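**Q** The structure under discussion is supplied below as structure tokens; questions concerning it will follow.
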Amino acid sequence: MADLSKIPIAPNPNGGPPNFADPPSLESTVLSLGLALICISMACLTLRLLSNYQRTSKFHLDDYLCIFGEVAGIGFWGIVYSVARDGNAKHSWDAPMSIVTASFIKRHFASQMLSYPALCATKAAVLALYIRVFDNSRWMRRTCYVLMVLIFLAYGVNIVLVIVYCLPRNGAPWNTAVLDRCGDPGILAISFGAFSVLSNIVLFALPFPIILNQLLCPMKIIGLTGVYLVGISTIVTSIMALRYRVKTFLGEDQLWNGFTVTITTFAEIFGTVCVSCAPALYAFSMNFVQKSDLYPSRRPRPLSSKKRTKTDNSSGDGNKFDSMSNLKVHHDWTDKCAMSHGVRSGPLTRIYSTVNPSSTYIPMTNGIAKSTRIDQSSTIVDPNASTHPESWPEKM
């Protein structure tokens, strides 16, 4: 019987001998990129949950979907890294056939069972966020519901196909026959990759019609720019995944290209988590950072405001303090009302407003009374205030 540890999985296309000693490997890429994305996405998710709970004292459907997607994505990365750490993230001509063990096939099956739910949950989290934030837009709600159904159907079909093709039947062993059968529906994998690219583009472009009609301040524009830069990177990773799926289907270095697909997959998962957390991160910065002493306020002073206050003092002889032509509606406290406040009756204090006629009368305990007139001739206008309804980051 041939020694499988000395036979490469595929011949070298250059005609050279296999390099089993120190071949190129994607293990360091899986480790470094995975840990970086996990740390970033976990930080975004933590701030998202903190911000949402501070504002609403509860979590929403999109929060739970995002949590599930993050946990499933971490589990998927952990399985991929365990396979890479065993020396399997190599070119097919540098890896011996002995690496294809029952453990390898089981972990391959488990990684697919986690990757599809993670992708489904993160994309559904973005749609659920749109439904909650843009709740006053009927077309947006209906579009998100339809897309959510399509996403659940697409990823659900792939999960069923993995169970049918990649799981041993009738107690059969986990051997190469199972792995070969698992790669049979290759054209479906390409179709799934194309659907993933299309869904990312739709999620990216869906809120554009609403956002473009908003009156946004510079801070919101900067925040949206960051969100869409991350969204574009997610689209790019899904396109790269589709490219390597096609290469794998054509039989080009299946081991190396397969690992590249898994790298782009967990990058897409964690990138989508970051995109879905971006509005909450903006709300967090508005509520916790800009209101702190570390972030000085740079609000401009009101441009149009004017107050005029007049105060007249007179003795307690009961005379009138202002001309009756300047007075609006007024109402004096009676002696009985004054006594109920624990003071003796006497001259009154009256405050008149020429904008909203109202008066406050407080009996004085001494013989001096004040009449204060406040004229509010204009409304204080906050230049930062939007003339539109509450914008989408403020609903987070």
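For all residues, glycine too, the Cβ spot is worked out from N, Cα and C.
Residues or ranges marked as transmembrane segment by TrEMBL: 30-51, 63-84, 114-133, 145-167, 187-212, 224-246, 266-289. Annotation comment: TrEMBL describes 47-282 as domain 'Rhodopsin'. Annotation comment: TrEMBL describes 297-323 as region 'Disordered'. Among the features that TrEMBL reports, compositional bias 'Basic residues' is placed at 298-309. Per TrEMBL, the feature compositional bias 'Polar residues' maps to 312-323.
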**Q** Would you mind listing the long-range same-chain contacts of the transmembrane segment (114-133), meaning Cβ under 8 Å and 6+ residues beyond its ends?
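**A** Cβ under 8 Å, 6 or more out: 60-63, 65-66, 68-70, 72-73, 75-76, 79, 140-141, 144-145, 147-148, 151-152, 155-156, 158-159, 162, 196, 199-200, 203, 206-207, 262, 265-266, 268-269, 272-273, 275-276, 279, 392, 395-396.
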**Q** Below 8 angstroms Cβ to Cβ, which residues of this chain, lying six or more residues outside the transmembrane segment (224-246), approach it?
**A** 189-190, 193-194, 196-197, 200-201, 203-204, 211, 216, 257-258, 260-261, 264-265, 267-268, 271-272, 274-275, 278-279
